[in-house]
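Taken verbatim from TrEMBL:
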- 5-255: domain 'Fringe-like glycosyltransferase' (DOMAIN)
- R25, D98: substrate binding site (BINDING)
- D99, H211: Mn(2+) binding site (BINDING)
- D187: active site (ACT_SITE)
Amino acid sequence: PGGEHLRLEDIFIAVKTTRKHHRSRLELLLQTWISRARAQTFIFTDWEDQELRLKAGDHMINTNCSAVHTRQALCCKMSVEYDKFLESGQKWFCHVDDDNYVNPRTLLRLLSAFSHSQDVYVGRPSLDHPIEAADHGQSDGSTTVKFWFATGGAGFCISRGLALKMSPWASLGNFISTAERVRLPDDCTIGYIIEGLLEVKLRHSLLFHSHLENLQRLQGESVLQQVTLSYGDPENKHNVVSVGGVFGLQQDPTRFKSVHCLLYPDTIWCPAKKIA
């Protein structure tokens with residue numbers, strides 16, 4: 001089956017964040033792309049932040065997971081994201097990090113090419129080869145599986161049809177035990193379940209981007225055609241997409257505000273178009 005008529009309301013966008021990023025990273029997302037996809041976007045964090053609660057309401061989900069950046073804590077959050085998606089009844093699950101810009105229009109265009117009842121897992125690997133994992137749940141950990149996985153830092157999407165098939169290994173805390181069995185982080189565990197166990201292939205897409213890439217190669221018009229963007233961490237702050245003409249680097253070090261104003265020039269805080 002080919003594509004289907006899809007609306008933004010059909011997509012569940014999960015943003016993974018943590019207490020220490022609420023001000024530094026999340027503010028920017030709320031000001032930019034989340035403002036255009038508020039009803040579809042859920043923020044998964046590890047702290048009851050009153051200020052964020054006022055802004056996001058019940059779209060902020062306190063997972064009660066640990067705020068330590070460990071495999072267990074990350075898998076705990078992914079597990080809550082997955083369960084909330086199944087509960088939502090929406091057609092697509094998309095996971096992104098708090099340093100991603102999501103372009104709702106291009107995301108919709110990408111997913112419209114598929115049917116949500118098909119088995120679809122789409123995203124971008126950060127490695128140029130599949131990884132191998134041993135299942136320590138088996139007696140001696142001798143069975144290994146090779147599989148590709150989409151990096152969580154660039155964002156990825158899973159159709160409802162496929163998400164339902166993942167349920168024995170992913171729902172209600174099973175995700176955490178699956179991750180422990182293969183001793184892998186959250187995004188790798190997703191790939192393990194889908195490619196390794198269900199034998200559904202990842203659809204590699206170049207439209208998703210993480211801070212692990214050279215983002216400066218993305219320039220001008222093409223930036224606006226991507227599904228997700230990112231920016232480098234403080235040690236690598238020059239690793240940003242190349243868009244000019246809106247805000248300078250001082251005012252907009254991540255380039256997300258500039259991208260947002262090019263996509264949505266009617267935004268109240270965007271500078272008025274200069275008349276040539």
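Glycine too: its Cβ is placed from the backbone N, Cα and C atoms.
Cα of R25 (substrate binding site) to Cα of D99 (Mn(2+) binding site): a distance of 6 Å.
Residue pair the residue listed as 'active site' / D98 (substrate binding site) shows a Cα separation of 15 Å. For D98 (substrate binding site) paired with H211 (Mn(2+) binding site), the C-alpha to C-alpha distance reads 11 Å. Confidence for the domain 'Fringe-like glycosyltransferase' (5-255), expressed as mean pLDDT, is 93. For D99 (Mn(2+) binding site), applying a Cβ distance below 8 Å and a minimum sequence separation of six or more within one chain yields R25, G153, H211, S230, Y231, D233, T254.
Look at the residue listed as 'active site': DSSP puts it in a helix.
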